[in-house]
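K.L.:
Dropping the structure in here first, questions after.
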Amino acid sequence: MIKNGTCPYWERDDLSECARREYIEFKFPLFILLTGMIYAFCKVFRAFYLRGKNHTNEAPEFEEQGNGNHEYARFSVLRLKSAWESRSFCNVNNRSTFDKFKKFIEGAFIVLQLTIHLYILSSMLMDNKKFFHQGFLVQMFLWILLLVVITLRLISASQSFRWVLACKRDLWAVSFYSYASLFTLSILPLRSVFIGKIKDKIMVKYIISETFIDLALLLLLSTSSIEGTRYSFLVENENKKLPPAPTVFGLLTFSRIDRLIWKAYKHCLGNADIWDLDINNKSIAILANFEMSSKKGRLLPNIICYFKAVFISQLFLAFVSSFLNFVPSLLMPRILSYVNDPKSKSWNLVSLYVSSMLVSKIIATTCRGQGLFLGEKGTMQLRTVLISNIYSKTLRRTILKDSTTSLQKNASTSFEENPDSSEAEPRKKSSRKDNSVNNVMSIDAFKVSEAMNTFYLACEAVFMTVTALMILYSLLGWSAFAGTFALLAMIPLNFWCATFYGNYQADQLILTDKRTSGISEALNSIRVIKLLAWENLFYQKIINVRDGEIRLLKKKATIFFLNHLIWFFGPTLVSAITFSVFIKFQNQTLTPTIAFTALSLFAILRTPMDQIASTVSLLIQSFISLERIQDYLNESETRKYEILEQSNTKFGFEDASMEWEAAETSFKLKNISIDFKLNSLNAIIGPTGSGKSSLLLGLLGELNLLSGKIYVPTVESRDDLEIGKDGMTNSMAYCSQTPWLISGTIKDNVVFGEIFNKQKFDDVMKSCCLDKDIKAMTAGIRTDVGDGGFSLSGGQQQRIALARAIYSSSRYLILDDCLSAVDPETALYIYEECLCGPMMKGRTCIITSHNISLVTKRADWLVLLDRGEVKSQGKPSDLIKSNEFLRESINNDSKNTTHNQIDLKRSTTSKKTKNGDPEGGNSQDEVCAEVENFEETKMEGSVKFSAYKWLADYFGGLGVVFVFTSSSILIHGITLSQGFWLRYWLDTGSSGSKSTWLYRIVEGHSNIYFLLTYIIIGLVSSFLTSGKVWIAIISGTNVTKKIFAKLLSSILYAKLRFHNVTPTGRIMNRFSKDMDIIDQQLIPNFEGLSYSVVVCLWIILLIGYVTPQFLLFAIPLCALYYTVCTLYLRASRELKRIDNINISPIHQLFAEAIKGVTTIRALADERRFITQSLVAIDRSNAPFFYLNMATEWITYRVDIIGTLVLFSSSVMIIMKASYLDAGLAGILLSNAFSFTETAQWIIKVFSSVELLMSSVERIKEYTDIPSESNGYISPPANWPQTGDVELKNLSLRYSPHSSKALDNVSFKVKAGTKVGIVGRTGAGKSSIIAAIYRLSDWENGTITIDNKDIKHIPLERLRNSISCIPQDPTLFDGTVRSNLDPFDRYSDVQIYGVLSKVGLIEECDELCLIFEQEQPNFSSHKLRNRFIDLNTVVKSGGSNLSQGQRQLLCLARSMLGARNIMLIDEATASIDYISDAKIQKTIRETMKNTTILTIAHRLRSVIDYDKILVMEMGRVKEYDHPYTLISDRNTIFYRLCRQSGEFENLFELAKVSFDNKR
């Protein structure tokens, strides 16, 4: 009994009467009254005072911060008002009619309470009960306050009291707070009534009525939607569904998601079924709040500052949950004491103990669920912050080479920078780094965000550890500190393991970056890799990196084993030391009550210790990933917003010097002074490598400005510009040398965020010569271009990119050699109708080109560049007169309408949607054409058994799994024996135990014997458990190695169509996130699942053995388990699959932003792309958010069911107290304590396995994709010996729904013949090469080489037997040698020889070249080239070379391995005409006996060939000698030559060639 003065709080087994009167009926209600009244008054007064200023019907407004500069204006999320306004709308989530009716019921109950209190108060006054009426008076005033509050809540709908809406939520909170407090206070008096302690009939009725009315009011408010928030959700479209309005009950028990779970149970979910996010969880709101709370500096302090409220809440909830979790352990000694002596305590008191265990566990479960959900919501929000910041940084990051970060510290630096790089070149310059960016976004951001969950677990672990030690001290005295010291002694070992683990993790991430970089490079260049038959080369290269990664994973597994062993053995060691000190040094008797209470505490202590181990590991990984993100965010940013100066009258350079990097070898533009003519066509010309593209990038502010000034029309964001009367803005549009397209339709790529105007759109399509292409496409302008434009030809891509610039509202156009990929006829048409036509009225255009005769024809201003300097500039007519180079170029090349550059990007090499029969298309946009949609498919239903079997087969079959599970049963049996050993140890002195077989074994032994045996059992159990985990992880690592190899092989050898229709981001998702899941999460979860199932089965069997009556409870409890698990698993499975699918678009957005960052910045369109990223993040966050809610839904219910198991076990024990000994009861309760956690762990791990298995499904899906059909007849070693090629009736289409790319094509090429293939863009020229290389399956027909059907030749043998110079000049990360001769088949002399032949180095004696390489001091005046030696670094994609130089290197690669057949696909389009002529001469002289098929737009390149093949609409229209065709006025070839503008030269060259061959 505890006393306070003369009033005891507790009398034997119940609350004392004076305590009830003083505290329950007076002081506590007075506190509720005062706090509620003060809070309500303050809120109502504030709302009334601000009644004219508050607008509750508006979306949230965020005050802008920042320095007001242009960079801030472009990238600050606070400026994205369009995301709140025009691009979305607020949807009102109104309260239901029933909810409104509930308020009237609530008011009626309050009036009833007032009536009851008035009646009882009047009765007390009549009886003159002074003390009583004080409490009742306070409670009556409290109900009057609540009546006022409900009245204000009811009248808020009136127009006269609209101001009340501002405080409606606060008034609702006062009501809920009061009802909950009053109901809580009524519980103990109600118990007193039930156990008969209160005899007064009026008081009994009052207490019962008070309790149930309070309960009714509490349930009314708990199940009604929370008032005060009308505009709860922000949605992107009207079809987006809103979740149910939040209720207290729904929030606390996570019942808000019930409808979604039931829906998932009934049928499969789709994206349309996923509810929208709360406005506070929208990415724009998260980022706006984060930006306002952040300061410049490191990311970690800003994260802590932003999430401080979440951390404080988690801290409080962890404290409450941790303390309440120990209530059962505190009550356990009293229950065991009752079992030991049932007469020592009353039944009422013991039942109170058991009920308190139930209530405390329910409250602890609720607090824990809320704390974890706060962490999971924080995880989503932090992930949003990190991904958005990384994406924004990607748009701000400089394209220059000096932006290298620690992500690639060991990457070798490149040599002289690219002077003619284009849009894609800056991207590819750092492609290795860019692929690392993908890891930063997809892996590091996720790992860091998971730390939000870790924080709660860490707090809980600390609180639980401290609480457990305090209770142990109260139970065992100072001996508990001995165990504490042992615990502390293990911490340095843990940190030692953590340090090694962190180092291995950092090393692994570096290798992961390298691996994904290699995979990304392979995917981006897959067509060229297949042409070169280099699949195995890249396979081995990537596998070698993967092997290093696997070795580190195994090292991490070993460290994890040691760490796991330390912490798993910890409780045994601590308990053994504590017990030994307790017995030996304190001379105390260790009773079952003390021992098993301590053991329950040690068992509980195992959880926080395990959490500490895993938390340390996770935090180390998170900090490493955070540092990687910080390194990326610290990278150099573009300085364009600082160096560009705005001018309305000047557009150009003033004595400007620019460079790519601060290095002596870096290419520089020197003393550039150009004033481009406004409203005119300005042309920039110069030889290959002169710096034309660099000049344009300098004008865009992308290069380092060393001196001088750059003047542009504007540096403001596109959204901030005013539209003029002519419909244009003072902005710039950029069309890069390499066409950059986004995944979407043709219309999406052309309109590109502008307002759609059909007339303008049609005019642009026509002027860019796209109208006929659109008509030939089944879906018209709704045709999906594929990833980066894969479904289009290179010329189509280039024209679409040009159309985007023309369609834009920009008054200033910057076009980088945008006509190089189209035929002469198309080029001339575009130049005349587009660049010099009505679409350019009032616009300033700057264009670069090698086609001097074409661009000078109608240009108003001409700039001649050479070696980074302006040699001359002025009107074309003036320069032609004074400049011999121009006169010679024009005389030699006349008006050739072909240009200098072919498409670089890997996507442009694909020629998938070719022009078929125009009559078969439809030009009407309004027609709902069938669009071939390549959306990612989602598996439905449960994870198929085939997926589990597929994974098990890699482990060795289901037998191995059975053996593994059986070992878990044996190991946990050993663990349980520890408790039974302790029981027999404690019972050895009792008479009841002397008849047992165990007693006869242990009789006569000392406590040391028992203690050592206890330790040995624990050590064996810990070692076996940890060893099993280690074996599982090591085995899993070996399995993932095989799976990765299978996946990589499947992707590399897949048909090219798979790569054409599958976005790279989607494939990379398999290799990054999905593979990471299998590497590090799946197997540990499988192991944890098997162990937890075994533990639960043991516990149920044990409880059922000791108390068979428990089985009556077990049946309905198991039914409950099954029900909630079934509901959850179906929902979580569907949500996880949608989550996996919705992440891919974020990968795609990143990939597109990296590729097109220069174009995006040039268009000043950063805000729109940031907004798109936020929409994609929200779509990804929605299933992720509700998946986490569903996880807490099941966790809460499993915890409650587990609490019922503990409760029912306790009831069974006290009911059988006279039949049980305390030791057995202690074992029973100790295991019952751990049952809840174990059962929860089963559900969580099983659901995790189900969810993680979706990654296995996704990887399995990509391991089953069709591979290229391989031949089975190996030809002779010298095949092809002569080089005869024949195509017979060949038809080819790239997809079942597309037009034929080749339609019944037949022609024959004799050995040694050189054939030029010509035709307009999309005619099917490149499809001939695709057919010969078997890149696509033919519909019908045959191709024979030396009379052998190539369909039966093994693919690698076929492709290695043919030389090819592809349209895409693709180079790979490495050196000059590795790009030319990756298999080391040729000598340095041979390599230098071909470099000299293609003009990359000047003529020089081969011995001189080698000598100069070996003697750095030796200098040859003849050797002036960019290639210092064959080990010179080549960046991925050849980004540190100009476009022309890349083409020359590819030409050299093909000539080095020249075969009897060579296929050339526009290989010289991006070099100047003089170099082209030299190369053509080299080809003719060095390959006289080689069969050559050349696709060319430059007719001069093939005019002296043996044959010309004219293609049109996929058909062979003409095939004869050039002179024969050009002599016939009715031929297509004659028309092409006429349109080229150099007919006389072509005719003369053809005649000379014809005469020479006669």
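Even glycines carry a Cβ here, placed using N, Cα and C.
Because the structure is a prediction, the values reported are computed rather than measured.
Swiss-Prot feature annotations, pasted as is:
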- 1-29: topological domain 'Extracellular' (TOPO_DOM)
- 30-50: transmembrane segment (TRANSMEM)
- 125-130: topological domain 'Extracellular' (TOPO_DOM)
- 131-151: transmembrane segment (TRANSMEM)
- 170-190: transmembrane segment (TRANSMEM)
- 191-201: topological domain 'Extracellular' (TOPO_DOM)
- 202-222: transmembrane segment (TRANSMEM)
- 303-323: transmembrane segment (TRANSMEM)
- 324-351: topological domain 'Extracellular' (TOPO_DOM)
- 352-374: transmembrane segment (TRANSMEM)
- 410-434: region 'Disordered' (REGION)
- 424-434: compositional bias 'Basic and acidic residues' (COMPBIAS)
- 471-481: topological domain 'Extracellular' (TOPO_DOM)
- 482-504: transmembrane segment (TRANSMEM)
- 559-579: transmembrane segment (TRANSMEM)
- 580-584: topological domain 'Extracellular' (TOPO_DOM)
- 892-926: region 'Disordered' (REGION)
- 892-901: compositional bias 'Polar residues' (COMPBIAS)
- 954-974: transmembrane segment (TRANSMEM)
- 975-1013: topological domain 'Extracellular' (TOPO_DOM)
- 1014-1034: transmembrane segment (TRANSMEM)
- 1106-1109: topological domain 'Extracellular' (TOPO_DOM)
- 1110-1132: transmembrane segment (TRANSMEM)
- 1223-1243: transmembrane segment (TRANSMEM)
- 1285-1538: domain 'ABC transporter 2' (DOMAIN)
K.L.:
Looking only at the topological domain 'Extracellular' (580-584), what is the mean pLDDT?
P.N.:
81
K.L.:
Using a Cβ cut-off of under 8 Å, list the residues of the same chain at least 6 residues beyond the transmembrane segment (30-50) that approach it.
P.N.:
138, 141-142, 145-146, 149, 152, 163-167, 170-171, 173-174, 177-178, 181-182
K.L.:
Run the contact check on the transmembrane segment (1014-1034) against the transmembrane segment (1110-1132): 3 or more C-beta pairs under 8 Å, excluding pairs closer than 6 in sequence.
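P.N.:
Contact between the transmembrane segment (1014-1034) and the transmembrane segment (1110-1132): absent.
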K.L.:
Which range out of 303-323, 482-504, 954-974 gives the transmembrane segment (352-374) the most CB pairs under 8 Å?
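P.N.:
Between the stretches 303-323, 482-504, 954-974, 303-323 has the largest tally.
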K.L.:
With Cβ-Cβ distances below 8 Å as the criterion, list the same-chain residues six or more beyond the ends of the topological domain 'Extracellular' (191-201) that contact it, or say none.
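P.N.:
Non-local partners: 13-15, 20, 207-208, 348, 352.
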K.L.:
Across the topological domain 'Extracellular' (1106-1109), what are the DSSP residue counts per state (helix, strand, coil)?
P.N.:
1 helix, 0 strand, 3 coil
K.L.:
Which sequence-distant residues neighbour the topological domain 'Extracellular' (324-351)? Criterion: at least 6 residues beyond either end, Cβ under 8 Å.
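P.N.:
Result: 12-14, 195, 357, 360-361, 363-364, 367, 464, 467-468, 471, 475, 592-594, 596-597, 600-601, 604, 1206, 1210, 1213-1214, 1217-1218, 1220-1222, 1225-1226, 1229, 1233.
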K.L.:
With a Cβ cut-off under 8 Å, give me the same-chain residues at least six positions beyond the ends of the topological domain 'Extracellular' (1106-1109) that come close to it.
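P.N.:
For the topological domain 'Extracellular' (1106-1109), the far contacts come to 1209, 1212-1213, 1215-1216, 1220, 1224-1225, 1227-1228.
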K.L.:
Residue counts in helix (H, G, I), strand (E, B) and coil for the topological domain 'Extracellular' (191-201), per DSSP?
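P.N.:
Across the topological domain 'Extracellular' (191-201), the residues distribute as 5 helix, 0 strand, 6 coil.
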K.L.:
So if I exclude everything within five residues of the ends of the topological domain 'Extracellular' (580-584), which remaining residues of that chain have a CB under 8 angstroms from its CBs? That is, six or more out.
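P.N.:
Residues 476-477, 479, 482-483, 590, 1007, 1011.
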K.L.:
For the topological domain 'Extracellular' (471-481), give me same-chain residues lying six or more residues beyond its boundaries with a C-beta closer than 8 angstroms to one of its C-beta atoms, as numbers and ranges.
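P.N.:
Non-local partners: 326, 329-330, 333, 578-579, 581-582, 585-586, 588, 594, 597-598, 601.
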K.L.:
With DSSP as the reference, give the number of residues of the topological domain 'Extracellular' (324-351) in helix, strand and coil.
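P.N.:
The counts are 24 helix, 0 strand, 4 coil.
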